[in-house]
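For reference, the structure is listed below as structure tokens.
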């Protein structure tokens with residue numbers, strides 16, 4: 001996970017140094033790990049090591065503090081020559097001894113269309129179907145993307161996926177690309193953001209390279225275009241994309257588009273484009289609910305080979321409810337906090353790591369959350385509580401669950417009754433019964449209060465890093 005910590009450090013550093021400083025000093029550094037709260041960095045030689053200590057140590061410490069490190073430490077290690085060559089692959093290659101000068105007025109040639117072997121060059125290797133967590137918020141979009149990957153140009157063309165930022169639209173698009181590239185290595189795949197498409201078109205017009213530009217985008221088998229809403233108001237780009245769309249569609253080539261809104265809500269989008277975007281399937285992705293957020297965090301931890309207690313993942317999932325990008329960022333912050341402060345993963349550590357970035361909030365409580373916590377406390381199962389059993393060891397947990405759902409959610413009595421397979425009068429009786437019993441039975445009152453705090457994530461935590 002030191003790679004991820006170093007990536008966040010670099011993001012901080014980049015805002016505080018010049019491009020030349022960044023490229024010269026920071027880009028070649030390689031993170032070697034976190035040992036007893038100290039970030040270990042590999043550098044090329046002793047001169048670089050001394051230079052960092054004299055000129056950039058305070059900047060690095062400030063970057064680590066921004067990640068939650070209370071007593072940040074950085075150690076530098078000179079890499080052996082062989083390891084240096086292995087770990088520093090991004091250094092620029094030496095210039096040819098007799099390279100011919102390039103005239104300044106000559107534009108670089110437009111890259112040719114993808115050829116077999118390089119059809120994933122525009123795809124993010126991290127975005128695949130295997131690591132896409134499916135939940136009620138995205139199951140239709142996932143199913144549609146998988147169908148398109150199985151039968152490109154036939155199932156749904158175009159596939160239009162919309163939703164707020166950070167919910168997985170781009171992930172699904174890249175997943176289709178990887179799936180297709182795996183099955184058909186000869187297929188030509190192109191992923192592009194609308195902004196990049198527009199900028200490349202402008203450059204092509206300026207350099208009289210429109211033919212090459214059109215050949216590039218109209219000769220692909222799969223075109224993935226992100227943030228298509230940014231076509232709005234760009235008449236020349238809309239004109240070009242209209243003809244690109246037609247060329248691909250008429251050749252039965254697959255088109256996948258993403259947006260933050262459905263086609264009908266994209267203002268100043270030409271009607272002919274809007275109608276074409278609606279030819280295939282339009283599907284949306286919503287914010288993930290609690291269980292899906294926990295599953296996403298669990299997958300991220302497993303991929304990073306990090307063992308994090310379930311209760312910590314649950315706390316993060318309750319704290320961050322907006323989108324997946326922020327959810328993953330919160331997990332990274334918790335990991336960095338624990339690693340850099342040399343403390344174990346715990347609810348207290350997670351709460352402290354997130355306290356300065358994600359303000360505590362009353363996360364929305366779901367009926368399934370309540371049911372799961374009550375079942376765990378009473379040593380039974382959600383299915384038994386929702387079942388028809390009349391034994392006391394089932395009836396009491398059932399009534400407690402109904403009471404807490406009524407108290408902690410906005411669900412109506414009929415909705416709660418439907419969830420339990422009963423009518424609203426049964427729920428009303430359960431709420432009244434538990435309310436009455438809590439006034440007479442301190443032990444029951446304490447149990448209900450404990451469950452309430454646990455469900456809301458308000459249990460007392462031990463101090464961390466005090």
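Any Cβ shown, glycine's included, is placed from N, Cα and C.
The region 'Domain I, interacts with DnaA modulators' annotation in Swiss-Prot covers 1-77 and is backed by sequence analysis.
Summarising the annotation, Swiss-Prot assigns region 'Domain II' to 77-121 and lists sequence analysis as the type of evidence.
Residues annotated as region 'Disordered' in Swiss-Prot: 87-122.
Annotation source Swiss-Prot lists compositional bias 'Low complexity' at 97-108.
If you look up Swiss-Prot, you'll see 122-338 marked as region 'Domain III, AAA+ region', on the strength of sequence analysis.
If you look up Swiss-Prot, you'll see 166, 168, 169, 170 marked as ATP binding site. Taking the Cβ of residue 169 (ATP binding site) as centre and 10 Å as the limit, one finds 25 other Cβ atoms among all the protein chains shown.
Confidence across the region 'Domain IV, binds dsDNA' (339-466), taken as the mean pLDDT and rounded to a whole number, stands at 85. Residues or ranges marked as region 'Domain IV, binds dsDNA' in Swiss-Prot: 339-466.
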Using the Cβ centroid of 166, 168, 169, 170 as the reference point for the ATP site, which residues of the same chain not in that list have Cβ within 8 Å?
163, 165, 167, 171, 172, 258, 285, 324, 325
Let me check the 10 A CB neighbour count of residue 166 (ATP binding site). How many other CB atoms are there?
17
Neighbour count (Cβ, 10 Å) for residue 170 (ATP binding site):
19
Using a 10 Å cut-off, grab the number of neighbouring Cβ atoms around the Cβ of residue 168 (ATP binding site), all chains included.
27
Take the region 'Domain IV, binds dsDNA' (339-466) and count its residues per DSSP category (helix H/G/I, strand E/B, coil), listing them in that order.
85 helix, 0 strand, 43 coil
In three-state DSSP terms, the structure that residue 169 (ATP binding site) belongs to:
helix
In the region 'Domain I, interacts with DnaA modulators' (1-77), how many residues does DSSP assign to helix, to strand and to coil?
41 helix, 17 strand, 19 coil
